[in-house]
Amino acid sequence: MACLGLYCGKTLLFKNGSTEIYGECGVCPRGQRTNAQKYCQPCTESPELYDWLYLGFMAMLPLVLHWFFIEWYSGKKSSSALFQHITALFECTVAALVTLLVSEPVGVLHIRSCRVLMLSDWYTMLYNPSPDYVTTVHCTHEAVYPLYTIVFIYYAFCLVLMMLLRPLLVKKIACGLGKSDRFKSIYAALYFFPILTVLQAVGGGLLYYAFPYIILVLSLVTLAVYMSASEIENCYDLLVRKKRLIVLFSHWLLHAYGIISISRVDKLEQDLPLLALVPTPALFYLFTAKFTEPSRILSEGANGH
């Protein structure tokens, strides 16, 4: 009997030489997905570059949010911000390494995966067939193994490490902040981790295809907002503070990440020259800032005009 639905398959029950016996049509075990013949096959491929870039994007989200809220709540004169930034980077790095080590194959910094073929691979629960329009054959499984669940594992480790390390660090070094302020960056993480989890659960497939464009758009917008809020109108304003250069180079890295993700570096000699476009938004802003005068706009906004 032929399997119905896109993701229902027959599981291998017994194999002896060239003899293979398969079970009835149903859900494939974890770590397997159906092939064109509707047989469940183990995921044995290595992730493509684009898959790693997607996982890197999902790994960067909590780190960037950590850094944002640390900077937001630390205050301009607080010396604890740098240590908290380093701690957040350490937490996310260790969480990523542990996540890779506990994933199949266990104990190595490598994962095996199934190839993503189309958007519906992320939402197999929507494609359970109903042969008689009454009984539903449940064939929901992770067809994009492990790209869907590995993100949840990573977020869980990030949260655990943050709760183990950050409160002790903040209590020791955040002396310049009030008792009610020093833990606010941690409280913020307790809000954004559930939001990121829901985002991955509901929109993981959409993010997989859209994340390069999200990176480019957000990095361009945030760079423009930062430079205007900091009243940077020329190269001298940009060079007077090291922090501004760090923010600029960080955005350039995000620009390059987005460009590489879009091009996928399929043709190296054609795609690498695109990285020359990375400084273009900042240069365009500096060349046109004298026409818009962001400092005048900010002062008028502060005066209520």
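Cβ coordinates come from backbone N, Cα and C, glycine included.
Predicted automatically and left uncurated, TrEMBL annotations should be read as such.
Annotated transmembrane segment per TrEMBL: 52-70, 82-102, 145-165, 186-207, 213-232, 244-260, 272-289, in sequence order.
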(message) Can you work out whether the transmembrane segment (52-70) touches the transmembrane segment (186-207), with the criterion being 3+ CB pairs under 8 Å where the paired residues are 6 or more apart along the chain?
(response) yes
(message) Using a cut-off of under 8 Å between C-beta atoms, tell me which stretch among 82-102, 186-207, 213-232, 244-260, 272-289 contacts the transmembrane segment (145-165) the most.
(response) 82-102
(request) Considering only the recorded stretches 186-207, 244-260, 272-289, state which has the highest number of Cβ pairs under 8 Å to the transmembrane segment (213-232). (result) 244-260
(message) Checking distant contacts: for the transmembrane segment (244-260), what same-chain residues at least six beyond its ends satisfy Cβ-Cβ under 8 A?
(response) 53, 56-57, 212-213, 215-216, 218-220, 222-223, 226, 230, 232, 237-238, 271, 274-275, 277-279, 281-282
(message) Let me spell it out: take the transmembrane segment (272-289), skip the flanking residues so only those 6+ beyond its ends count, and list any with a Cβ under 8 Å from a Cβ in it.
(response) 220, 223-224, 227, 232-235, 238, 248, 251-252, 255-256, 259-260, 263, 265
